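Let me begin by presenting the structure, written as structure tokens, before commenting on it.
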Amino acid sequence: MPVSKREQSKDTGDPCALPKLPIPPLKQTLDMYLTCMGHLVPEDQFRKTKAVVEKFGAPGGVGETLQKKLLERSEQKANWVYDYWLEDMYLNNRLALPVNSSPVMVFHKQNFKGQSDVLRFAANLISGVLEYKALIDGRALPVEHARGQLAGTPLCMDQYNKVFTSYRLPGTKTDTLVAQKSTVMPEPEHIIVACKNQFFVLDVMVNFRRLNEKDLYTQLERIRKMADIEEERQPPIGLLTSDGRTQWAEARNILIKDSTNRDSLDMIERCLCLVCLDEETATELNDSNRALLMLHGGGTDKNGGNRWYDKPMQFVIGADGCCGVVCEHSPFEGIVLVQCSEYLLRYMRGSPSKLVRAASMSELPAPRRLRWKCSPDIQTFLSASADRLQKLVKNLDMNVHKFTGYGKEFIKRQKMSPDAYVQVALQFTFYRCHGRLVPTYESASIRRFQEGRVDNIRSSTPEALAFVKAMASGSKITDAEKMELLWTAIKAQTNYTILAITGMAIDNHLLGLREIAKELKLEKPELFSDTTYATSIHFTLSTSQVPTTEEMFCCYGPVVPNGYGACYNPQTDHILFCVSSFRECAETSSDLFVKTLEGCLKEMQDLCRKCNTEVKPADSTQRMEGNPKVMKNGSKS
């Protein structure tokens, strides 16, 4: 969903100047949980769930005890859910980062005519990265303000501080998000360049002076030549970072027994970012294939080993013009990736000739190749990591589709929220493909609050179900009635969005109640061992709106084996959809979903045209505004 517009502001961006994330009333969350799940599970199961929820929320019950403890936690913490959420969403997850966790930004295809063009692009990009880091360090980034629903509120800028200073350290049971800020160690002043599965240290500060683009180009040229020296070739250790987190942690524990490996790991873990110079792939570089290459590198026979997935920002520059960014998601949200990427593309467009004008340093120290000592155990881990990456590559099914029937301008003319409209369209599509609705995740920014990240907008509402059923073929419902149901579904979606962005949704609250019960070493409350709760957090449809102003798009993989990832980028006259699924699942098909989505969007447009030819602004505004903070169950935010 759209969360930010950038404005010059007197605000400092200091998280402490923002309000704390509120804790919703217990009864409100429990009522809303039942409303969200009643139509998604069998009746018998729901009856049992209702009894479990009533017991949990009863006066003097366990729910009240946990709520009281959460309120106490809120007094002591800047953000009561942040640690719980970070561990649950990312650090405890044992799946491999590529496809399963790390989103990517795919740039417009570049037309490089040779290696010098590639290195010039890379030098220009690195120069932009250093400019952007200087803005972050100098607290000179304009404070962002919310747009869309409840526009104008200043947003927490804390996530930007983690872009170049954090690292996701693998652990056998849980990972650690490491902040590099240290009073003892000097600030990192190097970038790691990956080339032909080798890793090189590129110092960006020499003799207290930042390298200009000519210097960077010279160093990148040296790195390219060093990577070609066969007898110096090191094993593709980057493959280990593409594996499951426990496997990578076990391999790393073996690696660090050797001092050479420790030094190499230290240089990577403390770098600003990675720049991955990829080889040509001999692949047709349409949008879908570029998305796949960005998500997993194409596997071991392409550029799958030319990565280090633990680092938040990896800038990929392919010799064939396939370029973009791979993002380790735990330190920050997609909007930060968008803003950084858009800054870099604007910077590069505005400074194409610096390389020619700049004078180079006469004496530049040679870039350093990172070396590895590989025991037989590490060779075994490498082989297993390569096999698992290949399996992931073969399994991922991606369809990037530009829907050109209309864009957000048409939707706005109907006096509807484009995001709510697209969410209802995705529900319509899933229902038409699978004959049911499922728990759906749409990320909602809670950056209005100190250290705010996201909560979940549950888009599979009862109102959406009523609409999609009415649109089923053979329905005797009139167009006017269908239109009324569409309005109701969009209003319900809009209302839930407002609840989520104001800290009143249910997912973070339920997570907090669950985790504080663990901390208190209480027996797991029945609410969280109930089948309906397991269903509620199995997000078969994982969605996110990631709008861009530059020519690029974001995509990611499904979050469950039988699910879809659906990222969308609404523009004035078209909407770009990136739909992913797994080939191993017989139920899902990205191509079928996209084809069905196209039809559903056209049907919704036809319905709007039939019924909204004379949209009365006053009527439609009243319809959308109504009481936007009141849910169907009467709970208020």
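Placed from the backbone N, Cα and C atoms, the Cβ positions cover glycine too.
Lifted from Swiss-Prot, the feature list:
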- 1-13: compositional bias 'Basic and acidic residues' (COMPBIAS)
- 1-20: region 'Disordered' (REGION)
- His329: active site, proton acceptor (ACT_SITE)
- 407-419, Ser445, Gln545: CoA binding site (BINDING)
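In the three-state DSSP scheme, Lys415 (CoA binding site) falls into the coil class.
Taking only the Cα positions, the spacing between Glu409 (CoA binding site) and the residue listed as 'active site, proton acceptor' is 31 angstrom.
Calculated from their C-alpha atoms, the gap between Gly407 (CoA binding site) and His329 (active site, proton acceptor) amounts to 28 Å. The binding-site residues shown are Ile411, Arg413, Lys415, Ser417; of these, the one with its CA atom nearest the CA of the residue listed as 'active site, proton acceptor' is Ser417. DSSP assigns Glu409 (CoA binding site) to a helix in the three-state reduction. Around the Cβ of Asp419 (CoA binding site), a 10 Å sphere holds 27 further Cβ atoms from the protein chains shown. Note on Glu409 (CoA binding site): other Cβ atoms within 10 Å of its Cβ, all shown chains, come to 13. If you draw a 10 Å sphere around the CB of Gln545 (CoA binding site), it holds 22 other CB atoms from the protein chains shown.
Packing around the residue listed as 'active site, proton acceptor' is summarised by its Cβ count: 17 other Cβ atoms lie within 10 angstroms of its Cβ, all protein chains included.
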